Amino acid sequence: MSKKIHGGSVVEMQGDEMTRIIWELIKEKLILPYVELDLHSYDLGIENRDATNDQVTKDAAEAIKKYNVGVKCATITPDEKRVEEFKLKQMWKSPNGTIRNILGGTVFREAIICKNIPRLVTGWVKPIIIGRHAYGDQYRATDFVVPGPGKVEITFTPKDGSQKVTYLVHSFEEGGGVAMGMYNQDKSIEDFAHSSFQMALSKGWPLYLSTKNTILKKYDGRFKDIFQEIYDKQYKSQFEAQKIWYEHRLIDDMVAQAMKSEGGFIWACKNYDGDVQSDSVAQGYGSLGMMTSVLICPDGKTVEAEAAHGTVTRHYRMHQKGQETSTNPIASIFAWSRGLAHRARLDNNTELSFFAKALEEVCIETIEAGFMTKDLAACIKGLPNVQRSDYLNTFEFMDKLGENLKAKLAQAKL
């Protein structure tokens with residue numbers, strides 16, 4: 001490869017701790033030597049978020065809206081300890097949540113699979129991509145303890161002043177209990193549906209929506225109906241052209257089906273189900289260090305990619321003391337590759353598309369050739385049995401990936 005590939009506009013968000021160090025290494029060794037990017041950089045490190053009163057996070061989200069592609073490093077979401085550690089002005093919200101609220105869209109998690117890394121669910125040979133509808137339901141519910149006997153009712157008061165409607169939830173006759181009122185909005189469910197259909201089309205895999213509409217006939221039934229209506233009107237012919245399909249499944253049936261399957265599908269989950277199943281599926285594949293997270297907006301055009309893990313604080317503390325670390329960079333590299341692949345699709349850029357694919361192949365081929373970080377060696381041998389010769393440290397592994405990428409691209413006729 002003799003010349004740099006022209007890559008176009010990408011919004012890049014720097015993060016915190018060990019992942020911030022890895023992020024810079026990825027740019028320096030794997031991206032910028034080969035791709036000429038119009039980079040719009042935003043420092044989402046906790047100190048800068050504090051200094052800008054979190055305005056930098058909002059600015060980054062607006063930039064993603066404008067340029068359609070964002071790649072994000074893992075960031076600290078502060079708790080009380082972090083507020084004290086960094087002497088923060090306040091406990092700033094999760095940057096991921098802020099960005100998601102501005103962009104809308106659905107977060108899809110996907111495992112990165114290597115043949116030599118054992119999976120807890122051995123039958124999963126292809127990824128299962130989980131899309132979580134991260135809005136409403138239990139997460140925006142009003143719940144309370146019922147102090148004693150009495151009635152719990154839900155009332156809807158129309159804005160136009162017409163007749164109120166009241167429903168009896170439960171009559172507490174002996175003692176109290178607990179009660180909850182939760183909601184969702186058609187617009188949010190519609191956006192969730194569009195993002196899910198767009199994801200299925202981009203991967204060329206079937207899509208399943210899981211609900212419990214047999215019990216929550218009106219509530220979950222609404223999800224089922226909206227998905228079906230949008231599919232029939234706007235996506236059915238595109239799905240059939242790709243020989244893929246959309247189906248609604250009951251959540252219990254879907255969980256059992258997923259366990260028996262070989263993977264290779266998109267699973268659209270309601271908020272709580274997605275929260276639970278995404279972690280369950282991640283563990284089934286073996287490692288959160290090998291899990292990507294992509295936010296897809298309903299327009300199918302705007303995408304933000306990141307690793308599904310945190311900032312690897314424990315390794316950062318070791319690094320600060322000058323101790324050796326072996327931190328897995330793969331999910332962070334895939335944030336870049338997925339972002340660049342999307343940029344390539346938008347711009348019809350075959351060279352950039354080839355590069356993004358080559359970068360992912362190099363990561364998998366390097367691990368399958370036996371060069372890996374300590375966490376992956378532990379997946380294979382069990383942590384107590386891992387010796388120093390079984391793995392590379394953070395910087396050695398990045399160098400190895402850099403060397404292998406250089407060799408792969410040298411063979412390519414670009």
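Here the Cβ of each residue, glycine as well, is placed from N, Cα and C on the backbone.
Because the structure is a prediction, the values reported are computed rather than measured.
Residues or ranges marked as N-acetylserine by Swiss-Prot on the basis of similarity to another entry: Ser2.
Marked as phosphotyrosine by Swiss-Prot: Tyr42. Neighbour density for Tyr42 (phosphotyrosine): within 10 A of its CB lie 23 other CB atoms from the protein chains shown.
Cβ environment of Thr75 (NADP(+) binding site): Met13, Gly15, Asp16, Leu44, Gly45, Ile46, Arg49, Ser94, Pro95, Asn96, Thr311 lie under 8 Å away, each six or more residues apart in the same chain. Secondary structure from DSSP puts Thr75 (NADP(+) binding site) in coil. The NADP(+) binding site feature in Swiss-Prot is assigned to Thr75, Ile76, Thr77, Arg82, Lys260, Gly310, Thr311, Val312, Thr313, Arg314, His315, Asn328; the stated evidence is similarity to another entry.
In the three-state DSSP scheme, Arg109 (substrate binding site) is classed as strand. What Swiss-Prot lists as substrate binding site is Thr77, Ser94, Pro95, Asn96, Gly97, Thr98, Ile99, Arg100, Arg109, Arg132, Lys212, and the listing cites similarity to another entry.
Under the three-state DSSP scheme, Lys81 (N6-acetyllysine) falls in the helix class. What Swiss-Prot lists as N6-acetyllysine is Lys81 (among others).
Sequence-distant neighbours of Lys126 (N6-succinyllysine): residues of the same chain at least 6 apart with a C-beta under 8 Å from its C-beta are Ile113, Glu262, Gly263, Gly264. Among the features that Swiss-Prot reports, N6-succinyllysine is placed at Lys126 (among others).
In sequence order, Asn271, Tyr272 are the residues of the chain that are 6 or more apart from Tyr139 (site 'Critical for catalysis') and have a CB within less than 8 Å of its CB. What Swiss-Prot lists as site 'Critical for catalysis' is Tyr139 (among others).
In sequence order, Asp220, Leu250, Ile251, Asp252 are the residues near Lys212 (substrate binding site), counting only same-chain partners six or more apart with C-beta under 8 A. Classification of Lys212 (substrate binding site) by DSSP places it in coil, neither helical nor stranded. Taken from Swiss-Prot, the feature site 'Critical for catalysis' applies to Lys212 (among others).
Annotation comment: Swiss-Prot describes Lys224 (among others) as N6-acetyllysine, evidence class similarity to another entry. DSSP assigns Lys224 (N6-acetyllysine) to a helical segment in the three-state reduction. When Cβ atoms from all protein chains are considered, those within 10 Å of Lys224 (N6-acetyllysine) total 16, not counting its own.
Annotation source Swiss-Prot lists N6-acetyllysine at Lys233 (among others). Of all the Cβ atoms in the protein chains shown, 8 others lie within 10 Å of the Cβ of Lys233 (N6-acetyllysine).
Reduced to three states, the DSSP call for Lys243 (N6-acetyllysine) is coil. Residues or ranges marked as N6-acetyllysine in Swiss-Prot (evidence: similarity to another entry): Lys243 (among others).
Look at Swiss-Prot and you will find Asp252, Asp275, Asp279 tagged as Mn(2+) binding site. Cβ neighbours within 10 Å of Asp275 (Mn(2+) binding site), excluding its own Cβ and spanning all shown chains: 17.
Long-range neighbours of Lys321 (N6-acetyllysine) (same chain, six or more residues apart, CB within less than 8 Å of its CB): none. Annotation comment: Swiss-Prot describes Lys321 (among others) as N6-acetyllysine, evidence class similarity to another entry.
The phosphoserine annotation in Swiss-Prot covers Ser389 and is backed by similarity to another entry. Cβ neighbours within 10 Å of Ser389 (phosphoserine), excluding its own Cβ and spanning all shown chains: 7. Under DSSP, Ser389 (phosphoserine) is assigned to a helix (H, G or I) in the three-state scheme.
Look at Swiss-Prot and you will find Lys400 (among others) tagged as N6-succinyllysine, backed by similarity to another entry. A C-beta separation below 8 Å, combined with a sequence spacing of at least six in one chain, links Lys400 (N6-succinyllysine) to Thr366, Phe371, Leu392.
A straight line from the CA of Thr313 (NADP(+) binding site) to the CA of Asp279 (Mn(2+) binding site) spans 20 Å. Of the binding-site residues Thr77, Thr311, Thr313, Thr311 has the largest number of other Cβ atoms within 10 Å of its own Cβ.
Note on the binding-site residues Arg109, Lys260: the fewest other CB atoms within 10 A surround the CB of Lys260. Sequence-distant contacts of Ile99 (substrate binding site), defined by Cβ-Cβ distance under 8 angstroms and a gap of at least six in the same chain, are Thr57, Ala60, Ala61, Ile64, Gly70, Lys72, Leu295, Glu304. Between the alpha carbons (Cα) of Lys260 (NADP(+) binding site) and Gly97 (substrate binding site) lies a span of roughly 33 Å. In this entry, Thr75, Ile76, Thr77, Arg82, Lys260, Gly310, Thr311, Val312, Thr313, Arg314, His315, Asn328 make up the residues listed for NADP(+), with the farthest two CA atoms of the set 42 Å from each other.
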